[in-house]
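The feature signal peptide is assigned by Swiss-Prot to 1-44. If you look up Swiss-Prot, you'll see Y45, C66, C69, H70 marked as heme binding site. The transmembrane segment annotation in Swiss-Prot covers 294-314 and is backed by sequence analysis.
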Amino acid sequence: MRTPDFSAIWQASKQLTARIILLAFATFALYVFHDLAFPQGAAAYPFWAQQTAPETPREATGRIVCANCHLAQKPAEVEIPQSVLPDTVFEAVVKIPYDLDSQQVLGDGSKGGLNVGAVLMLPEGFKIAPEDRIPEEMKEKIEGLYFQPYREDQENVVIVGPLPGDQYQEIVFPVLSPDPATNKSIEFGKYSVHLGANRGRGQVYPTGELSNNNAFKASKAGTVTEISQTEEGGYSVTVTTSEGDVVETIPPGPELIVTKGQQVAAGDALTNNPNVGGFGQKDTEVVLQSPGRIKGLMVFLAGIMLAQILLVIKKKQVERVQAAEMNF
């Protein structure tokens, strides 16, 4: 185990109270209803992971399942104290950076701002702090957020989102550490923390169907002989091959980059790639520190300091005796 970070321990020891804000379920329900009723508009946000992997969001390989729908890789960070004391509340700060000037393709083909979402896998026994335990200062940081357990019996795995990205590039999770004195299944030591965070819409729905947030490609080699616009605002591209005509249907959103009469090979892009978002994953660690160990260490350090002081005093006494003998 690493040497304790005393600044982090001291900070954690001052956080004696904590709480989580329970807010507008109706607002969250509105988000959920919108995404279920119009899935093209906000695909593959954290709760979609619950459908594709209901047991755990982390695969055996260590990959978070959100990466199955968000194919582009983007950075994500999580900042937590190096060590925490039992039964204390601390902040886990998730950072989801992106260019705020970016505009993503929405389900209807129009452009709009990016949303963000995250899944935070805490160690067993750690959970979102109840409202009455959250300090007022921290409560201000989590105002407007709704944290949901990944499963009803899995409080240590938490999801949040979708949220407007221009307001929530940083998301604060108020986390309550467990107490081994009351929970015998928990032990002091070092534990892993896993984060998965996305910004923007995904490229694949949980059903495996592609969203319109993709670059669409030719399935066969041939010549583009016809391009027509569909009623929905997309395109129908006819490619004449040696085996006949192949019609490629492109939903609204991506921009065509081919023209009539152009030769294309199988796999060539017919459109640009409109995706400006992506998924990021980050792993870190936290130490659940024993107060007894800290006290013992403090006593040990105090003993060393006392021994040094006594040695200095003893040295002075010896020097006085030697000086007296020389004068005699």
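Note that Cβ sites are derived from N, Cα and C of the backbone, with glycine treated the same way.
Note that the structure is a prediction, hence the values are computed from the model and not measured.
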Do you know which of the binding-site residues C66, C69 has the most other C-beta atoms within 10 angstroms of its C-beta?
C66
When you measure from the Cβ of H70 (heme binding site), how many other Cβ atoms are you left with inside 10 Å?
28
